[in-house]
Amino acid sequence: MKRTWNVCLTALLSVLLVAGSVPFHAEAKKPPKSYDEYKQVDVGKDGMVATAHALASEIGADVLKKGGNAIDAAVAIQFALNVTEPMMSGIGGGGFMMVYDGKTKDTTIIDSRERAPAGATPDMFLDENGKAIPFSERVTKGTAVGVPGTLKGLEEALDKWGTRSMKLLITLTIKLAEKGFPIDSVLADAISDYQEKLSRTAAKDVFLPNGEPLKEGDTLIQKDLAKTFKLIRSKGTDAFYKGKFAKTLSDTVQDFGGSMTEKDLENYDITIDEPIWGDYQGYQIATTPPPSSGGIFLLQMLKILDDFNLSQYDVRSWEKYQLLAETMHLSYADRASYAGDPEFVNVPLKGLLHPDYIKERQQLINLDQVNKKPKAGDPWKYQEGSANYKQVEQPKDKVEGQTTHFTVADRWGNVVSYTTTIEQLFGTGIMVPDYGVILNNELTDFDAIPGGANEVQPNKRPLSSMTPTILFKDDKPVLTVGSPGGATIISSVLQTILYHIEYGMGLKAAVEEPRIYTTSMSSYRYEDGVPKDVLSKLNGMGHRFGTSPVDIGNVQSISIDHENGTFKGVVISGSNDAAIGINLKRK
């Protein structure tokens, strides 16, 4: 079955990508019924794609095979993931795309993070008594929807680095949405788990036909989404941000209690940023600046841990997990106090990473003792300026979002590391009627209780944890890392880097080594594989790891071997993710 799909897909893309025209009559055959044929590790000499869905990886890989570059492939992949992983990301959301330009050697971030509409207010997540509305309620309301940025981000990426048009790259995904594809276990579980949320909106007709959730192996057809993609193909991004669609989207948000208007959509624009940089054991790390907290606290935790010589302890020892947990507590305390949109608040970026502040935080970590009251420090002592906000304690009921991450590298040296999201599974659950676009709940990433760095304000971007990252050695990109998972993203990227560099693990082993995640004394998670006796030891010291393991993150990664001229792509085993290497035929 896979062979038939590949032949058809390749033939169609040959016409599209080589001829450069769009044959609107072209038909894409149905994809395979099984996803277990795809590789979780692959090697290529001419490029690599690693994504969270095999069909998206196929589409990205074929773009590369037919002469498109990594940026072209990334755009095609995002459209494909909107269809195949509709619960994770799409044009109703936003994200952070990091691009290394193989020609100029520059590294750039396209920030397509959603923004609050003009009508948003700091107290919009409080009830009439001034108490925070429970997260489970605010996450499905129109007030949770941020102005989507993904489509504008894709447009900007193609304008800056692309060699193929959006019109061309969106075409194959239109067929995938129209003709459908077999639902995998991940999507089937998500539909089942979130059917109540979906049943409230136009999404019920897509995912709950006849009132019953679609199941694994069923064909998911999304004709309304295909119609929207056709509008974008013919009219560009204006078809989304202006006109009839924009009115329908904003009216839908208002129907669910939000304030978004057509003007909010028309006024939206992306931000182009430089990454923040850090050094770690001979590597240079490029990662995300605010409004994502990911980069700052990834670098801060690496700096704190660097002097502890972590690899002197076994990778599954209680000592290693103790040092990780204590470091996470300190960094996540800082995150809760000082991180926000730098267009609105002062973020002490230099102070948080200052060597003297790092030493100050290191001194709070004791190998044999749990710090039972981890608190934010005062990074403002180490840089000019001051906070224009307070430290405000927030409710503990927030559920971490999901998101998707993927990464692409090509034979011209271009590299993309891209994390993209609608936040929770299926976002708010709100679908734009007749257009098939699922809307994000990104504004619940703001603080519910105002006064802090991350309070709601009009046109402000909510705090993010997305951490698309590229590591360099001798000024050459050698590794990409990223993950979904809300605030767990930072810890997933951290541990992958630690296991690969500090412990010297192969990339596959580093990606799959069991992870922990803890932000405070009341929030603990761990993956299957962390030894039970180690958990008992840690809990005996005062930690509070529970009795049941859970999956943390879903890392996608590419390593680049410049000496041998090869790319290795790695995704999680036992998933429907796929790494596909590109090996072009030589004459």
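Using N, Cα and C of the backbone, Cβ positions are placed for all residues, glycine too.
Marked as signal peptide by Swiss-Prot on the basis of sequence analysis: 1-28.
The L-glutamate binding site feature in Swiss-Prot is assigned to R113, T421, E423, E442, D445, S464, S465, G485, G486. In this view, R113 (L-glutamate binding site) is surrounded by 28 other Cβ atoms within 10 Å of its Cβ, with every protein chain counted.
The active site, nucleophile annotation in Swiss-Prot covers T403 and rests on similarity to another entry. In the three-state DSSP assignment, the secondary structure recorded for T403 (active site, nucleophile) is coil. Packing around T403 (active site, nucleophile) is summarised by its Cβ count: 29 other Cβ atoms lie within 10 angstroms of its Cβ, all protein chains included.
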In whole Å, note down how far the CA of T403 (active site, nucleophile) lies from the CA of G486 (L-glutamate binding site).
7
At its widest, how many Å does the recorded L-glutamate site span between Cα atoms of R113, T421, E423, E442, D445, S464, S465, G485, G486?
16
DSSP three-state assignment (helix, strand or coil) for D445 (L-glutamate binding site):
helix
Any idea what DSSP makes of G486 (L-glutamate binding site), helix, strand or coil?
coil
Quick one: pull the CA-CA distance for E423 (L-glutamate binding site) versus T403 (active site, nucleophile), whole Å only.
6
Between T403 (active site, nucleophile) and S465 (L-glutamate binding site), what C-alpha distance do you get in Å?
10
Neighbour count, 10 Å Cβ-Cβ cut-off, for D445 (L-glutamate binding site): what number do you get?
24
